[in-house]
Amino acid sequence: MSQLPFIVGAPGKVIIFGEHAAVYGKPAIAAALSLRCYLLVSPSSDSNTIRLQFPDIKLDHSWNIKDLPWEEIKPYLTYDSANKPQIPSELVPEIVDKLSSFLNGFDNKMHYYACFCFLYLLMNLCDSKVSGMNFIVRSTLPIGAGLGSSASTSVCLSSALALMGGWINKPSLHENDKLDTADIPDLEFIDKWSLIGEKCFHGNPSGIDNAVATFGGAVMFQRTSTPEQPSIRTNMRNFPAIKLLLTNTKVPKSTADLVAGVGRLNAEFNSISTSILTAIEHLSQEAYKVMMNPMFGREETNVLRKLVNINHGLLVALGVSHPALETVKIIGDKHRIGATKLTGAGGGGCAITLVNDDVEESVIHNAIKEFEDSGYESFETSLGGKGVGILFHEDLDDATKFSESQFCNYVDRAAIEDSLGMANVKEWKFW
């Protein structure tokens, strides 16, 4: 077990190619965002209490360790031949029932699901001998914007609890180290348990968000034609960071309604919509080849920008854009800052811009000002980069970064990233 305190950080995600086509068994590609969720784990002054704080959603709840239903849940925990917690494919109904009863009384759904995820993972990865601890989550990701904030949180919790339970080793790689592309047991363990955490939030998630948050880089995924067959997933851990502008239109959307709309188009104009979906498939496959190039550089980035523009046009043809998203694209194109497309389901939500290599910062700021004047929120971030990592207090001279009061009181996302982000703190470790 690592000495407390420590901080875990995991990225969010955006889908860069293949939205909507993925529903029809076509490949899609998601990539990590440099915006992250951060989890501070520190010892509690009360050895009998575990406390979970999530200031960004105004959650602050404590439990007496002895009051948690350890004995009721124990019969339903299983272990593999190495005596490690066995990872179920689904939530265990009996554990769900016990925790649901235990958490009865939460009126705020977001608070309920966060506590449910936390306790489900805690009681599977630790035991009743656990000491009192404080867990504080901060997010530089917009919450509820389809950018994987719940998966990032789940990955942070799974990593911390697995490390404290002694189920994984401490990471040792630094930011600029080349990552192993082979299967890494510790990351596989984190990924699978974080999917269980995601199921606590969402019921039946695809597993893509937590995979990107765990492994970083980018992931190509493809659903199979039958539920019995596992989806195809290819991790691109060493996909390099590319400058990105993320713009949240703040327009609410219904993913289910947008998917249903494409379904109706497909039923009415099958040959046309099939051609569009096939074009998106070919586009995603081309993007994958470009992204896997070991000599990836400016030329390959330019190709991705061209594919971004094509993909947006195809999504417009499917009817899933929105005037706000088109406004983002028009403003971006007017300032010539890069290639812009909607990301995710569309119908509102977010757009991404792959920023041109030679664009001046003042031009980007002018575009951002115009986005803000339209009521949107923009984030200068990057695409790709590292997955889950840990910052250990013994590696850092500045103890204030592990101060609970400072961690809770960062005033905004910029303050969090300035203090903890990998751009400024080089002591982060990765698997």
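Every residue gets a Cβ built from N, Cα and C, even glycine.
Keep in mind that what you see is a predicted model, and the values were worked out from it rather than measured.
Copied from Swiss-Prot, the annotated features are:
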- ASP209: active site, proton acceptor (ACT_SITE)
- LYS13, SER139, GLY144, ALA145, GLY146, LEU147, GLY148, SER149, SER150: ATP binding site (BINDING)
- SER150, GLU198: Mg(2+) binding site (BINDING)
For ATP, whose listed binding residues are LYS13, SER139, GLY144, ALA145, GLY146, LEU147, GLY148, SER149, SER150, the greatest C-alpha pairwise distance in Å: 14
Most crowded position, judged by CB atoms within 10 A, among GLY144, GLY146, GLY148 as binding-site residues: GLY148
Secondary structure of LYS13 (ATP binding site) (DSSP, helix/strand/coil): strand
Neighbours of LYS13, SER139, GLY144, ALA145, GLY146, LEU147, GLY148, SER149, SER150 excl. site residues, C-beta within 8 Å of centre, ATP: GLY12, LEU141, PRO142, ILE143, ALA151, SER152, ASP209
Cα-to-Cα gap, SER150 (ATP binding site) vs GLU198 (Mg(2+) binding site), nearest whole Å: 7
Spatial separation of GLU198 (Mg(2+) binding site) from LYS13 (ATP binding site) - C-alpha basis, Å: 14
Length of the line joining the Cα atoms of GLU198 (Mg(2+) binding site) and GLY144 (ATP binding site), in Å: 14
Cβ neighbour count (within 10 Å, all chains shown) around LYS13 (ATP binding site): 29
